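**Q** The ATP binding site feature in TrEMBL is assigned to 7-20, Gly100, Asn153, Arg178.
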Amino acid sequence: MKSVGLITEYNPFHNGHQYHINQSKKLTNADVTIAIMSGNFVMRGEPAIYNKFTRAKMALSTADLVIELPATASLSSGDHFAELAVKVADYMSVDTIAFGSENNDIKTLKQLAHSINEIEQSESFSQKVKEGKSYPRIISELLEHHEALASPNNILGISYLKAIAKHAKNINAISIKRENAQHHDSLIQHHQFASGTSIRTSIISQDDHWHHVVPKDIQHLYVTPHITLNQIFPYLKYQIIAMTTESLKNIYTVTEGFENRLKSNINEATDFHHFVKSLKTKRYTYTHIQRLLMNVLLNIKPTDVTRNIHAVKVLAMNDRGRQY
């Protein structure tokens, strides 16, 4: 069976995701669609709004097979997320990976992926790291602020292409142009498509705007309890206070004395977002800090981090997915 793989989070599933799946099937003539999806925690460095099984049921409205991406991938850098996802796709013998992007120019994205792989080995890259600059800023500067690097899905697409070039040259890649909604839009402004951010805002606000931008046949799944960062903050605060500085130092992604910053700032923090702002430095993005905090919450150590795929966890499948 010919397969197309989609690397996803579905936080939550919406019309844009359905469009992505349908276009991917159409452009690749695939017999089966495999969604490789983040579990209960997502790349934003927070719990998914719904648990992984509920989101897998949502995805099954259009996809055939939903495979879980390990939490350690979702709570890592974009490159590690992409690398593990591509390795899962390779393990599943996926023929083509289809990803969404803003510019839909696969040739340009492949060229950028090649350039970034070379830049990461350069002395100028190492020097800028020593200067304390964040990874996204360094890459943007060394590529002279290329316009494609201003869009989050282009950046993630480049990470997929880098990973394919390194670990799965047998997998093809295509890009699907994102329609209308922008990745970080906070409000639902379009009658059919909206960003995940705006849909989560609508659900948490308990208005009904999200009804217009998610498939009608699965809307009953969106009434299940959702999770917010402030709901989990007391548990995170307890974890940081209870752990020793040495224990915090041994948490995955806690580096360069950041454990001391965690200890120093936690007692004054009143909520999650206040705490994150107090931790911000020029070297680390807000997203990196949030992922780090989720690693603390889950007590994830470097030895827990998945590097290679020897088995996968199936979250949901239909008859076609079962045949595959």
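Keep in mind that glycine also has a Cβ here, set from the backbone N, Cα and C atoms.
How buried are the listed features, and what sits near them?
**A** The secondary structure of Gly16 (ATP binding site), as reduced to three states from DSSP, is helical.
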**Q** Through the lens of DSSP with three states only, how would you label Ile7 (ATP binding site)?
**A** strand
**Q** Around the Cβ of Asn153 (ATP binding site), how many other Cβ atoms lie within 10 Å? Please give the count over every shown protein chain.
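**A** Asn153 (ATP binding site) is surrounded by 19 other Cβ atoms within 10 Å.
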**Q** For a quick check of understanding: among the binding-site residues Tyr10, Phe13, which residue's Cβ has the most other Cβ atoms within 10 Å?
**A** Phe13
